[in-house]
Amino acid sequence: MTNRIHPLLILMTILVYIFLLGPLIIIFGASVSDTTFLAFPPQGLTLHWFENIWEISAFRRTIVTSLQVAFLGTFFALLIGIPAAYALNRHRIHLPGWLSTLFVLPILVPEIVIGFSLLRSVNVGLGAPVFATLLIGHTLLVLPYVVRVISASLASFDFSIEEAAISLGSHPVKSFFTIVLPNIRSGVIAAFILAFITSINDVSVSLFLTGPGISTLPIQILAHVEQFFDPTVASVSVLLMGLTIIVMVIVERTLGLTIVAK
Amino acid sequence: MKTLAGWILSSPATLAVSLFLIIPVAATISVTFTAPGGTFAPYVDFFSSGFQRTVLWRTFEIAAITTVISLILGLLTAYVVSRSAPWMKSVLIVLAVFPLLTGVVVRSFAWLIILGRNGVLNNSLEWLGVIERPLSLLYTQTSVVLALIYIFIPLMILVLIGVLENIPDDLLQASASLGASPTRTFVQVVLPLATPGLIVGAVLVFTASFTSYATPHLLGGTRQMTMGTFLHQRAMTSFDWTSASTVAAIMVVVIVTTVLVMTRLAKRLNPMAS
């Protein structure tokens, strides 16, 4: 089959892939450069900029906040998203069609509008603390991914097994935890990972929901780039790429990477 | 009983979306209709300013160019990937997923290093002797479009690989055995069957570039404001929340209209359905 593709098309594909990966390699090079400004190719090699991440307290704080928000937001999204996905698959005929649309709304509404609206209504309007509002924003942001991935793995689950357990006297709640949940385990792991990476990388929702003392890593990166054009941001970026690689390996081991494209 | 169980299980998520998404966004939009000065005053204000009209038009233009170029490059790349040998296909998919999972800030930042005054591109051109003084490549519409294409091509490739894989191989072989050249098969068989998928990809890229913040902020700055960066500036620098809400409302209208019109178009153009 391969030989039927026009050589020019193959050349173009190679160029597209160079375009895709080149800039990431450039970041890697800039992160180890021995200069006080961003340079590629690196002039001399140093790991100083990686140390610098931990020396700048703002980065330390925002990394901690980002991890907290990503873990908690994903946890809450799983807590409300798994039952919702279960209901949508198990009781679909008894539920109106718009309900499944409702759970993808956070993807349809522009993220930046969600962030601004939460600032107006929840943070300023209701007087909720910044961290709580940020957490609410991230839970909403990742909810569609959770519902979608869990629904995808429930779609291939045979509910008659669960019904058999219930008809043999097992409590529905117990049946869910002992029969349904173990069967969709890989879906839960994939949903967790996708949600976590989405949350860690988010800018637009977090943009309005950060305040004095509370910020997330991508927002801090934006602020740092504006003030200092030094390689620290390149080394933070390399750390984030390392995280992405770890995530890809885990996703590949659990559900296969095709889940990302869905 | 079953209906009740379904409702109870989905209620926490329903409640969360209603309380923290629908009500706040509705409140944001509704303040634009109750502003002092009349029902549509904020919109009259928005559209009577040449600067604000420019921001809206520029955002449209940037999103449209980004979408068209990503569509063309994405389709051709996805076609090659979907026709590759299985092991090669896996490698190419992994290489497209990696940038997709790398955050938008990191990927936009890469273009700062490339296009900056002392950036990779300027240094290379100077070294080659093409230019004598560094060019101002940043904070132009081109730099924003370039970075947005970079951000969204992986998404387009992955969506289109999924679409192209669903086209039965038999059809392509039939077309070839009936004497069609590969180009003709592509245009007359692959393209019509891929159209609904192309529309889905286009909608994803258009809406995401229209509402993006980090990329236009880093590569366009205040000189190339888009609806996203303008909304932030109105809200956090000018503290004009009515004006910011108006920008938000216009964004929602543009996105919802695009999605509705295009999904309808995708259904109508689906050759499988007719």
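The count begins at 1 with the first shown residue.
From the backbone N, Cα and C atoms, a Cβ is placed for every residue, glycine too.
Unlike curated records, TrEMBL annotations are generated automatically.
Here the structure is a predicted model, which means the values were calculated and not measured.
TrEMBL lists A:63-251 with the feature domain 'ABC transmembrane type-1'.
Annotation source TrEMBL lists transmembrane segment at A:7-32 (among others).
Under the heading transmembrane segment, TrEMBL lists A:69-88 (among others). Distant neighbours of the transmembrane segment (A:69-88): 95, 99-100, 103, 131, 134-135, 138-139, 141-143, 145-147, 150-151, 154, 176, 180, 188, 191-192, 195-196, 199-200, 216; these residues of the same chain sit at least 6 beyond its ends, with a Cβ under 8 Å from one of its Cβ atoms.
Summarising the annotation, TrEMBL assigns transmembrane segment to A:95-119 (among others). Listed by sequence, the residues of this chain that lie at least six past the ends of the transmembrane segment (A:95-119) yet keep a Cβ under 8 A from its Cβ atoms are 81, 84, 87-88, 133, 136-137, 140-141, 143-144, 147-148, 202, 204-209.
According to TrEMBL, the feature transmembrane segment maps to A:125-147 (among others). Same-chain residues lying 6+ beyond the ends of the transmembrane segment (A:125-147) with a Cβ under 8 Å from its Cβ atoms: 65, 69-70, 72-74, 76-78, 80-82, 84-85, 88, 100, 103-107, 111, 114-115, 118-119, 191, 194-196, 198-199, 202, 205-206, 209-211, 214, 216.
Taken from TrEMBL, the feature transmembrane segment covers A:188-211 (among others).
For A:231-251 (among others), the entry in TrEMBL reads transmembrane segment. Tertiary neighbourhood of the transmembrane segment (A:231-251): same-chain residues 24, 27-28, 30-33, 35, 37-39, 49-50, 52-53, 56, 59, 189-190, 193-194, 196-197, 200-201, 217, 221, 224-225, 257, 259-260, selected by CB-CB distance under 8 Å and a gap of 6+ residues from either end.
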